[in-house]
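**Q** Here it is, the structure in full.
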Amino acid sequence: MLLDYDRLGWLRAALAGFTALVAAFLLLPVIFIVLLSFGSSRWLAFPPPGWTLKWYQELLADPAWIDAALTSARIAAMVAILAVVIGLLASFSLVRGEFRGRQLLRGLLLTPMVLPVVVFAIAIYAFFLRIGLAGTTTGFVIAHTILALPFAIIPIATALEGFDKSIEDAAIVCGASPLQARLRITLPSIRIGIFSAAIFSFLASWDEVVVAIFMASPTLQTLPVKIWGSLRADLSPVVAAASSLLVGLTLALMVVTALLRRRLSR
Amino acid sequence: MQGNSLRRRSIAGLPAGSGGALPALTLVGLFFIVPVVALLLRSVTDPEPGLQNYAALFGSGTYVRVFLNTFLVAAVVTVVTIIVAFPVAWMLAIMPPALGSIVFGIIILSMWTNLLTRTYAWMVLLQRTGVINRALMGLGIIHEPLPLINNLTGVTIGMVYIMLPFMILPLVGTLRAIDAMTLRAAALCGASPLQAFRRILLPLSLPGIAAGGLMVFVMSLGYFVTPALLGGTSNMMLAEMIAQTVQSLLNWGLGSAAAFVLLVVTMALYAIQLRMVGARRLGGGL
């Protein structure tokens, strides 16, 4: 009976109540930050004594914030492209290859997701210091691509596993070259996986803090590094404004994802 | 190609079908394996060859306390996360999809929201003059502000908040896979709800709880951002100590040794988890 929604009795009310509480716990901090960003108190008093847009004005008038956001966007876009291309090629091997050590290779390519980021951060930082890539865009893109790769491989490989290869073979039998068949038959069929891979690898770079803290230089800062610096200094409401814009971006991404998925899966 | 384009060919002597993985392998080999191995070598060569960094690490009360604290925090976070996640996953597994999708939406929103944003929210909420303290004082429950931040309480709240989705989502899958018939049968045979829960539902969901719990534990062990911002100096965790040793003290040897310890513990637990869930299913729930 415990798994029958309609026959749970009082337990259902208890579980539903608890679930509602946890949902509130998950949602409240996000709503709270957005409300706070419009509050007029510099000391983040809540409820705010009045409402204002001045933190947004302060944020948008500060070139350091704009620069950081643009840097993040540029790096994350490059990471997404690289991770999807490299991840796509790797996924074909991982899913269809018939060679010894395939499972080992899969494990190896997914390891960056499991290793604590701080270990990778100081390792790549030391390495880049030696070869002169620390504090450069190239360095950022390489390091973030390593971290994003598992998030690109998993959805693409999953989609590829669910794709019936005989359709691709049929195209080849009908005269398409193997490359044509892959580009025109297989890729469109796994586009949801590719699309998820792009979103996940973009976010993996866009939200990445730890590697970025080490890699950043005074002239090259990503948005998380800028926020991190502000948080360590004081709890300025400008951070609330920046955070709210990030929440808005997350919501937009969720909506776009949902819409595109619906459309692509038709 | 002619005539047998369907047969797998070996490119340049490589095993069939492995060519596509070359770019990924090169990238990961050059910019992941090499730097990590170099770092680990540094722990036994910097400032001079020998094990003195490990001796310093395990011989000092300060560092041993960091290790113990790291395990303590990870354990507390894991236990609280499991206790909170289980009822939610249970409800999500059986509730009507229309209602459930709202809860799922909230979980995804919180999971996708920038990590620093979420941590910042908790910093503001939990501070001495924050909303939570004010509300509790306004209600007359407490008279002095509670110390909710820069201590174990703050880290636990912030970390549980971040880990909940990673526990709830896989658990929903485990619970959905359980046949409701077994529980109906138990009820028909006279089991009380408590008995049915203890002897059937809980044991059947144990693999999911164990796998999710281990993942939360491993992630918590190496977590940097949230403990650094919500924790106190007296209960520093390993990741923060590693970062500080390298960044502020410039003691690369010691930092590398600590990183190696974290790596070994993480990988050992990861290997256990792989055996539990099977390599192929890992990460499948993205």
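In case you wondered, yes, glycine gets a Cβ from its N, Cα and C as well.
When I checked TrEMBL for this same protein, it listed these features:
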- A:69-257: domain 'ABC transmembrane type-1' (DOMAIN)
- A:12-38: transmembrane segment (TRANSMEM)
- A:75-95: transmembrane segment (TRANSMEM)
- A:107-128: transmembrane segment (TRANSMEM)
- A:140-160: transmembrane segment (TRANSMEM)
- A:192-215: transmembrane segment (TRANSMEM)
- A:235-260: transmembrane segment (TRANSMEM)
**Q** So if I exclude everything within five residues of the ends of the transmembrane segment (A:12-38), which remaining residues of that chain have a CB under 8 angstroms from its CBs? That is, six or more out.
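**A** For the transmembrane segment (A:12-38), the sequence-distant neighbours (Cβ-Cβ under 8 Å, at least 6 residues beyond its ends) are 5, 44, 46, 48, 51-53, 55-56, 237, 240-241, 243-244, 247.
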**Q** Take the transmembrane segment (A:75-95) and find every residue of the same chain, 6 or more past its ends, with a Cβ under 8 Å from one of its Cβ atoms.
**A** 102, 105-106, 109, 137, 140-141, 144-145, 148-149, 151-153, 156-157, 160-161, 194, 197-199, 201-206, 222
**Q** Counting only residues 6 or more past its boundaries, what in the same chain has a CB within less than 8 Å of a CB in the transmembrane segment (A:192-215)?
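**A** Long-range Cβ neighbours of the transmembrane segment (A:192-215): 72-73, 75-77, 79-80, 83-84, 87-88, 117-118, 120-122, 124-125, 128, 134-135, 139-140, 143-145, 147-149, 151-160, 222-225, 228, 253, 257, 260-261, 264-265.
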